[in-house]
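Read through the structure below, which is laid out as structure tokens, and then see the notes.
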């Protein structure tokens with residue numbers, strides 16, 4: 001949940017959750033002034049995370065049509081007078097004027113005694129949602145959805161894993177079987193206030209439908225009067241971001257970067273085939289399973305399409321790269337589909353998003369290029385001294401690669417893929433012809449056996465003793481309010497609305513009516 005930055009171009013007439021761009025611009029036009037007349041502005045907001053506890057929900061007007069090199073030295077640029085958006089991989093808290101905290105160790109056995117965790121003779125059989133990676137079949141009929149079988153009282157809270165502006169994530173243990181889960185608890189009042197109801201509904205839809213080894217698994221979802229609960233697989237390896245920053249220079253050798261890029265590509269391909277644009281790829285949103293394989297998480301910025309078409313096949317002669325077999329066209333699902341939402345992470349945002357001209361599934365391939373660059377070089381390619389400069393670089397600067405003495409050794413083949421993924425024109429970007437098939441056919445992945453990714457040994461294996469990560473109880477007694485003291489909705493048969501409102505319940509609309517309270521059984525987990 002670290003370094004989480006969100007931009008929102010909100011339009012009441014669109015299917016995305018939020019307010020109109022012009023409304024924000026009119027309301028905030030006196031806050032910031034640039035020397036030049038602006039042709040167009042976009043609104044941005046800061047989404048806080050566990051390392052940014054400011055509750056400031058500030059918005060900004062920033063010029064995207066007149067960014068140029070002269071603007072980078074413009075002393076009238078007032079953006080830096082506001083809280084900086086998070087996106088400095090080496091110092092995520094630099095905007096606060098404090099030293100970035102060191103990466104949390106993957107294992108700290110001294111804290112286990114604090115948690116008073118009972119380690120049984122064979123803890124792997126009961127601690128994790130999956131006892132052995134790859135045991136699940138992921139077949140189309142491997143998931144059984146039934147009426148929810150748990151309540152908040154079915155779990156014991158161990159500690160707080162992270163928090164955002166509308167909720168928290170806890171490490172919990174199910175009392176009946178001692179299995180560990182990550183439970184996301186979202187405050188309904190805050191979601192309504194911040195116009196994020198549709199986002200959690202989209203996230204639940206993705207988690208409920210997904211059956212993929214590189215996407216985090218949902219086991220239970222339910223709600224109380226005041227909160228929504230998503231009980232998901234606990235990835236004991238933690239954030240990929242933290243694992244990366246525990247390495248020398250915070251980088252990976254090219255061979256290892258290729259492995260993780262391949263797993264991310266496979267996960268994105270699956271999401272696209274399911275009709276979802278991810279839109280927020282970054283190391284913080286990638287978790288490490290205890291086996292070392294990756295799992296994508298945090299789908300609240302993802303965009304589902306309303307109508308999913310049948311897939312098509314691209315013949316070899318039409319493919320971007322030479323290949324022996326026809327390629328499955330994952331782009332065909334998004335034919336004639338564009339969305340105007342302004343969402344993402346500052347240094348990962350694609351040019352078409354900044355220009356507010358609408359975007360397609362191609363934004364995911366842009367973020368893949370940024371991701372590969374970052375894990376190879378320890379920084380992102382277009383990062384500027386401030387947000388204004390970063391956006392200018394994204395729009396107008398070509399990607400460059402460090403060539404100083406001691407710079408990471410990266411092959412021309414790898415650089416070729418990064419350049420192809422970071423083409424400004426989305427219609428010419430790698431992936432524009434057949435989607436994921438284009439990326440998978442690039443020579444950079446020539447040694448990857450895509451069907452056997454789950455069987456490959458990951459470069460980073462989390463050091464977890466006795467099946468446990470460092471676990472310790474939280475010292476904040478107020479956290480019990482959202483965990484146990486909420487009135488359980490299903491058993492009490494209460495409406496999913498704000499019970500504290502002065503408006504009678506029968507007159508309130510129910511924005512959470514489509515939030516499904518279900519339990520999912522996965523073949524291979526029992």
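The backbone N, Cα and C atoms fix where each Cβ goes, and this holds for glycine too.
Marked as region 'Disordered' by Swiss-Prot: 1-24 (among others).
Annotated compositional bias 'Polar residues' per Swiss-Prot: 10-23 (among others), in sequence order.
The annotation region 'Disordered' is assigned in Swiss-Prot to 39-106 (among others).
The phosphoserine annotation in Swiss-Prot covers 154 (among others). Long-range Cβ neighbours of residue 154 (phosphoserine) (same chain, at least 6 residues apart, Cβ-Cβ under 8 Å): 174, 175, 176.
What Swiss-Prot records for 161, 162, 163, 164, 165, 166, 167, 168, 169, 184 is ATP binding site. The secondary structure of residue 161 (ATP binding site), as reduced to three states from DSSP, is extended strand.
Swiss-Prot lists 280 with the feature active site, proton acceptor. Around residue 280 (active site, proton acceptor), the same-chain residues at least 6 positions away in sequence with a Cβ under 8 Å from its Cβ are 298, 301, 302, 343, 344, 345, 348, 367.
Under the three-state DSSP scheme, residue 339 (phosphothreonine) falls in the strand class. What Swiss-Prot lists as phosphothreonine is 339.
When other Cβ atoms within 10 Å of the Cβ of residue 341 (phosphoserine) are tallied across all protein chains shown, the result is 23. Per Swiss-Prot, the feature phosphoserine maps to 341 (among others); the stated evidence is experimental evidence.
Per Swiss-Prot, region 'Disordered' is recorded for 499-526 (among others).
What Swiss-Prot lists as compositional bias 'Polar residues' is 500-519 (among others).
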Request  = Tell me whether residue 280 (active site, proton acceptor) sits in a helix, a strand or coil according to DSSP.
outcome  = coil
Task = Would you mind reading off the Cα separation of residue 165 (ATP binding site) from residue 341 (phosphoserine), to the nearest angstrom?
result = 20
Ask   = Looking only at DSSP and grouping its letters into three states, which state does residue 169 (ATP binding site) belong to?
value = strand
Request  = Take the Cβ of residue 161 (ATP binding site) and count every other Cβ within 10 Å, whichever protein chain it belongs to.
outcome  = 21
Separation of alpha carbons, residue 341 (phosphoserine) and residue 169 (ATP binding site) (Å) = 26
